[in-house]
Amino acid sequence: MFGLNTKDTKSLFIVAFLVVVAPFILNPFPAASAMAQFNAGYPDLMQKFVIFGIFAIGFNILFGLTGYLSFGHAAFLGIGSYSCVWMFKLLGYNVIPGIVLSVIISGIFALAIGFVSLRRSGIYFSILTLAFAQMSFALAYSVLSNPKFNLTNGETGLQVYANDPQWFHRDSLPDLPHLFGLSMRATHKLEIGAWEFQLNAGYYLCALMMLVCFYLAIRIFRSPFGLMLRAVKSNQQRMNYTGLNTRPYTLAAFVISGMYAGLAGGLLSAVDPLAGAERMQWTASGEVVLMTILGGAGTLIGPVLGAGFIKYFENIFSKINDHVLHSWFAFLPDGLEDFVVFLIHPFIGKGWHLTLGILFMLVVIFLPGGLVEGGQRLGKWLHRRKAKDTPSAKTEPAE
Amino acid sequence: MDAFLLQILNGLDKGSAYALIALGLTLIFGTLGVVNFAHGALFMIGAFCAVTLQRLLNLSFETIDPSQKDFLGNPLKVKTPYIESWFGPDLGGAIIDWSVPLAILFAIPIMIAIGFVMERGLIKHFYKRPHADQILVTFGLAIVLQEVVKYFYGANPIQTPAPDALNGIANLGAIIGMDIVYPVWRIVYFCFSVLIIAAIFAFLQFTTFGMVVRAGMADRETVGLLGINIDRRFTIMFGIAAAVAGLAGVMYTPINPPNYHMGMDFLVLSFVVVVVGGMGSLPGAVLAGFLLGVLESFASTTWATTTLPGINQIIIYVVAIVVLLTRPRGLMGLKGVMED
């Protein structure tokens, strides 16, 4: 269906189903229970899941297919955010122009940056993109926020003020980002027994975008263009020797992934109309690299998994504190309980980045294919065990 | 003219830090062929060696002095560092005062040990893997090291003053009849880094060990076939590179109070320095470090920032981009090193 083979259609439908029912399956604990803090089914977090999913899918089109490791993708995220907020400031709070402009502007920037950086490959490419991203960050943070020409509003972050023109804004429309009158913050609370589920308009808009992005990514992966990108990854020199100029292909991949990042940035502004320069810092670029690798670079579903995984655990780990730990390990003898809590303490709460760093190193060292490869290995292992349990019908030849 | 010289001086001390870190990066890259994203973290750990030594030296015990009263009228509690009670107030006080230079001795063994552990424990397993994997695993390591330091020392910058004798300012221009007033410690930092750089070059150029290492950089396999354990020597070079980064950090603490992410801040710029200098070229790294430092300092002058606002923030990146596009191998890059 939609020009996909059966397997891809199935995975697209699985993702679509999961995204639609996410508000329910991410809220497994009743609202009043002590475990409710581990629920992830609230709009803020779910929006982050899908938005960073888009970002990682886009990054994967570049890194997973061509092997070019960009350390500057956060620049496009930031550019997207700023463009979207500017549309809010000029035209009004409808999200459509903002999102469209953020994709276009980040595409233009990606074209310019990609044109320059793709002249080199390998480590040079990483450093060039890193340099560009740091430059954009420095520009956005200080230079472009001088009183004469205030494009980014510096440290405060770009936001909509009461005296902004907002030409198409009417009083009947909500005073927040909206889609033709439907506010992005509109949330329908569904109470079923002890459970409370939140169905949020902003989330479903982002989710729809992510599904479109995911579908496009599948098409790119399966197209001759995607095949060409894979060929670049496996042996660029051989491609050059066959008389093929690879640069237009890699540039196209770079621009596409830049546009994905811009879309993610635009959506970030659409659900929360504030754009700050810290989104462009190179640690933010590092984060999307982490997501993609953790999930599994070069696979379709990996980046989405990685984004969800990192954002979920970032949120959950930051919430666990010593008090919670003590209640978990209360069954242990007192001295031992304190000791266990003491051991775990550095890794939770503010120590989430430590956990993330260790996890990331472990994945790169032992599981270069990320979570997806881990799942496949687990599946194979289970399969083999099952095969061993039920002896095969094949008769062994006698010695 | 005075202002001109002052800007050069300003650039030289920042450039020294760039040059030292870039030198270490290039050493690791040239010998082991590994792109080390954790090098900034080593710089940061060096700085925290100085902090640690200062804290150790200031460990003190309390005595109650009944002859003096504090502002509440209670007997005054006097804190005496152990060092002062062991060596007497004069020598002990001097030792505490000179804690940052003393930290050099403290940091060298620690940094070499950290370098050995890193190389043998982690990086050894990544020689055969693609460069992207090396970048990623060292990037992860940098995050871990940074967070560990944050856990023990907190997120705020920690003041570590230079010795009183070197804390003032000196009029350098007096010799040549001009008026150039400059902080003494920054001059010390510059001289120190020149000394270290000279020592590294002399070590590589004039010792048998250095000769073997240079041979190994040129052709690792042949040196191995000649019956030399080149891996062990490269591990030692990694330790030395770590020590160089660490010493750069130790001496930098009085200039800029160390915090846990200082390494990352310097790392990005040091990579740019290495690329501008030419991947794998030691003189290139040093030259580019000083050049970019001076350039940055000239871009920060009032004249430059009023003509082109923000030029000081982006000048290094702009230069890097221009250099990479016009001279792809960098200023002094060698043919055949990381060509792809």
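Each position is counted from 1, following the chain as shown.
Backbone N, Cα and C define each Cβ position, glycine as well.
Look at TrEMBL and you will find A:12-29 (among others) tagged as transmembrane segment. Note on the transmembrane segment (A:12-29): residues 2, 4, 35-36, 38-41, 45-46, 49-50, 195-200, 203, 207, 210-211, 214-215, 218, 301, 304 of its chain, located 6 or more positions outside it, place their CB under 8 angstroms from a CB of the stretch.
Packing against the transmembrane segment (A:49-71) from elsewhere in the chain are residues 19, 22, 40, 77, 117-118, 121, 125-127, 129-130, 133, 203, 206-207, 209-210, 213-214, 217, 220-221, 226, 229-230, 232-233, 249-250, 253-254, 256-261, 263-264, 267-268, 271, 282, 285-286, 288-289, 291-292, 295, 297-299, 302-304, 306-308, 310-312: each is 6 or more residues past its ends and has a CB under 8 Å from a CB in it. Taken from TrEMBL, the feature transmembrane segment applies to A:49-71 (among others).
Remote same-chain residues near the transmembrane segment (A:91-116) are listed as 72, 75-76, 79-81, 83-85, 128-129, 132, 160, 166-170, 173-180, 184, 205, 209, 250-251, 254-255, 257-259, 261-263, 265-267, 269-270, 273 (criterion: CB distance under 8 Å, separation of at least six residues from the stretch ends). Taken from TrEMBL, the feature transmembrane segment covers A:91-116 (among others).
According to TrEMBL, the transmembrane segment annotation covers A:123-144 (among others).
Long-range Cβ contacts of the transmembrane segment (A:201-221) within its own chain (Cβ-Cβ under 8 Å, at least 6 residues beyond either end) map to 2-4, 8, 11-12, 15-16, 19-20, 22-23, 43, 46-47, 50-51, 53-54, 57-58, 60-61, 65, 95, 99, 177, 179, 182-187, 256, 260, 263, 267, 270-271, 300, 304. What TrEMBL lists as transmembrane segment is A:201-221 (among others).
As annotated by TrEMBL, transmembrane segment applies to A:248-268 (among others). Within its own chain, the transmembrane segment (A:248-268) has Cβ neighbours under 8 Å at 47, 51-52, 54-55, 57-62, 65-66, 68, 70, 73-74, 76-84, 98-99, 101-107, 109-111, 113-115, 117-118, 205-206, 209, 213, 220, 225, 228-229, 232, 275, 279, 288, counting only residues six or more beyond its boundaries.
The transmembrane segment annotation in TrEMBL covers A:288-313 (among others).
The transmembrane segment annotation in TrEMBL covers A:354-375 (among others).
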CB contact flag for the transmembrane segment (A:288-313) and the transmembrane segment (A:123-144), at least three pairs under 8 A: no
